[in-house]
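Colleague: My structure is below; once you've seen it, I'll send some questions.
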Amino acid sequence: MNRRYRKTIIAGNWKMNKTISETRAFAEEIKPLIGRPKWCEVVLCVPFVNIPSAVRLFKDCRISIGAENCHYESHGAYTGEVTAEMLKEAGVKYVIIGHSERRQYYNETDITVNKKVHAALEAGLYPIVCVGESLEQRELGVTMELITYQVKAALSGVPADKMRHVVIAYEPIWAIGTGRTATAQQAGEVCEGIRAVIRKLYGARVARAVTIQYGGSMNADNAEELLAQPDVDGGLIGGASLKPASFVQIINAANQE
Ligand code: PEP
């Protein structure tokens, strides 16, 4: 983390978990534990149907609400889809774009990711853009080439003045939901590499202000070490964000003076 130049963001990704009543129970349990984190922003990205209740329930404990996806068009005949503007009006601040599960199961491509980044920014949302390599790609030694391509593709056409709204999440696919975490060194190296790509595209001032998260089995035990890396500015957290106690422990690791 480097709080001097950029925001630390701890974001939960609930994926397809929790009903509205379970969301309410989570809120009741976390509120007495969380306090008012001073040094990091806390976000919960929840299923679409939970958004209105989540916005209401978490308002008084300063947890911002995120969505897990959006469509890139502004309206139209796309049954089952949700626009960035609908999310904005519902009280959403962040939207995850290009999560590896969407790339794997729902034909998300670098091109749709780029369109969605533009749609999110246009609507006034903060996109959390996910990039990451498979185990095979890591073993082949092409991690940084692939991540460079993904970052450049996602940001294509995004002007420098919009970059303060963009968050990048480095999420090695082999570490998501597997209990296998990247070492702090691996996470730090790739996040540093991502910042170098942004520096080349937008210059040093923009690059040093961009929040770059790590995601992939981050938990209460490994958060502190991962967040100690200078270019790891927070986490995108799946499994460990579903339980108030473990999520709060990660928040506390990010919130130390
Ligand atoms: C994720 O889905 O973004 C994620 C990092 O999941 P987990 O923490 O469960 O690996």
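Cβ from N, Cα, C; glycine included.
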Colleague: For the substrate site that TrEMBL assigns to Asn13, Trp14, Lys15, Gly177, Gly238, Gly239, which of the candidates Ser21, Ser156, Ser217 is also assigned?
Modeller: Ser217
Colleague: Write down the Cα-Cα distance for Glu171 (active site, proton acceptor) and Gly239 (substrate binding site), rounded and given in Å.
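Modeller: Roughly 14 Å, rounded to the nearest whole number.
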Colleague: To the nearest Å, how far is the Cα of Asn13 (substrate binding site) from the Cα of His99 (active site, electrophile)?
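Modeller: Per the Cα atoms, Asn13 (substrate binding site) and His99 (active site, electrophile) stand 10 Å apart.
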Colleague: Give me the sequence-ordered set of same-chain residues, not including Asn13, Trp14, Lys15, Gly177, Ser217, Gly238, Gly239, with a C-beta within 8 angstroms of the centroid of the substrate site's C-beta atoms.
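Modeller: Other same-chain residues with Cβ inside the cutoff are Ile176, Ile237, Ala240, Ser241, Leu242.
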Colleague: Counting Cβ atoms within 10 Å of each candidate's own Cβ, which of the binding-site residues Gly177, Gly239 comes out highest?
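Modeller: Within the set of binding-site residues, the most crowded position is Gly239.
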Colleague: Take the Cβ of Ser217 (substrate binding site) and count every other Cβ within 10 Å, whichever protein chain it belongs to.
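Modeller: Ser217 (substrate binding site): 19 neighbouring Cβ atoms within 10 Å.
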